[in-house]
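Accompanying notes for the structure given below.
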């Protein structure tokens with residue numbers, strides 16, 4: 001029974017009539033201007049509470065008149081100027097309502113005029129400040145560690161008003177250095193530079209001569225061998241599936257039904273093998289006898305556990321890697337999510353049940369999955385249908401497949417694995433991205449090909465672990481500079497236009513700080529701030545006559561910790577050690593953009609008890625602004641007079 005609306009006009013006869021209808025419809029009505037509303041505009045909120053029961057007849061009469069007036073307007077009559085809804089003499093007849101409307105308009109109108117004049121004064125004089133605005137401004141300056149009037153002196157350093165940049169816009173605006181060329185491109189440039197007189201034809205001939213196949217082509221007798229080779233090639237091509245598979249892929253938008261090439265090959269291959277007696281007369285390998293029925297369930301022989309323990313661990317690791325990688329590959333291809341725990345639970349339950357039927361350990365079959373996908377299967381129900389068909393074949397149709405050539409099954413698998421075999425080209429993809437990943441891919445691939453799958457998996461895991469360890473032990477440690485008039489601090493090696501502040505060095509460690517990389521962090525930190533390890537501040541009992549500002553000014557180092565995911569106890573102790581050493585050298589150390597886990601570890605190790613208060617800032621820009629304010633507030637020492645020196 002409540003109602004609220006917003007109006008900007010509450011003083012013309014038309015709008016007053018609307019408010020009057022609300023007044024007669026509800027028990028209570030209030031015209032209100034909230035604090036959140038801009039004080040110089042006409043905005044009003046009408047709040048109505050308590051819907052009356054006797055309002056219908058009264059409102060119905062006026063709404064009927066409104067409809068009549070609207071019909072006149074639609075009829076394009078001359079009398080189409082609607083200036084009021086409720087006649088003014090009726091509105092004035094209700095003295096309480098009329099006085100309330102008039103007092104509300106007068107009060108809010110005076111408030112509006114007063115604020116309009118204030119806005120005019122502020123626009124005319126930019127230095128004019130309201131008392132409340134001045135208080136807020138002083139609090140902001142205190143929180144930002146500025147003194148009154150320091151904003152003009154530091155305006156060139158402070159990004160109060162800055163544009164918002166996307167990364168590409170920032171690069172386009174200020175430019176970055178080109179990435180380092182790959183070894184192949186550097187070798188090619190080197191060859192162009194120093195071997196420009198070398199004949200390319202000689203290089204090509206010497207290279208082609210080293211390939212045995214090309215050397216044999218020179219001795220190839222075209223008239224004698226060409227026709228036979230062409231006919232044999234055409235015959236072999238027709239006998240295999242790729243033609244139909246290619247048609248399926250090329251015309252799958254036009255052909256609504258997928259051609260079951262695998263099923264056709266199995267049927268015709270079995271018929272041809274049976275009728276032509278390929279196994280008996282030509283020695284073609286066939287499937288052979290398949291036992292009907294299912295074995296009776298028996299308990300596994302637990303006496304062999306000790307001898308099977310090591311192979312079981314190997315099978316588990318290989319199956320785990322294979323299953324999860326295959327599942328993720330198909331998830332990317334068919335756009336669905338994979339839950340690893342659910343996959344492994346399904347494999348585990350399947351192996352527990354199958355162990356009572358003398359089955360091999362079950363695992364994900366890459367070839368079978370590829371055949372299912374290439375045959376048109378799109379949901380997991382294909383596994384159920386396939387299981388039913390296999391059960392029918394084992395129980396009843398097994399003798400029909402005895403003459404099926406093994407070559408047909410091999411052809412089906414090879415053709416469906418075509419896309420996977422072409423993944424060899426991924427090596428160049430990884431090489432262009434990162435040479436370390438390319439080396440990992442190549443070593444794992446060659447190990448699997450030359451030895452075995454389990455050894456390849458072990459080698460791949462070991463090399464991956466070694467590479468990750470090397471990366472975390474020696475991450476990038478760079479010097480940052482401010483890019484233009486923005487608040488962004490980027491590597492000065494990437495952004496050549498990035499500028500460093502005088503006496504302020506901003507560093508970023510692109511990795512977590514822990515025991516393995518702590519020595520590297522310490523050595524690199526001192527190198528970047530131009531201090532050799534073991535160097536101590538010199539203490540002189542005789543003060544020189546003049547002290548230049550550059551030599552006596554405090555130095556500041558800001559360590560950007562945004563890439564740090566964690567810091568261990570060794571890392572915290574190292575930060576405390578560096579902070580104390582920097583303090584002896586008259587260098588102030590600050591941290592910025594620390595994650596929660598890093599701050600929690602610092603707090604747990606009582607890091608702040610060893611520092612002068614909290615030295616962590618929310619952002620690198622805030623840290624630099626605070627340092628600039630501190631430098632601004634300190635008195636500048638120019639010369640120490642001889643009289644002061646003699647007192648020492």
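Note that Cβ sites are derived from N, Cα and C of the backbone, with glycine treated the same way.
Looking at 347-365, 404-422, 461-479, 480-498, the range tied to transmembrane segment in TrEMBL is 404-422.
For the ranges 284-307, 308-331, 500-523, the feature annotated in TrEMBL as transmembrane segment maps to 308-331. From the options 189-210, 255-276, 541-562, the stretch TrEMBL describes as transmembrane segment is 255-276. Within the listed segments 147-167, 168-188, 378-398, TrEMBL records transmembrane segment for the stretch 378-398. TrEMBL lists transmembrane segment at one of the ranges 93-113, 114-134, 429-449, 576-596, namely 429-449. Looking at 225-243, 605-623, 624-642, the range tied to transmembrane segment in TrEMBL is 225-243. Secondary structure by DSSP for the domain 'STAS' (494-627): 52 helix, 24 strand, 58 coil.
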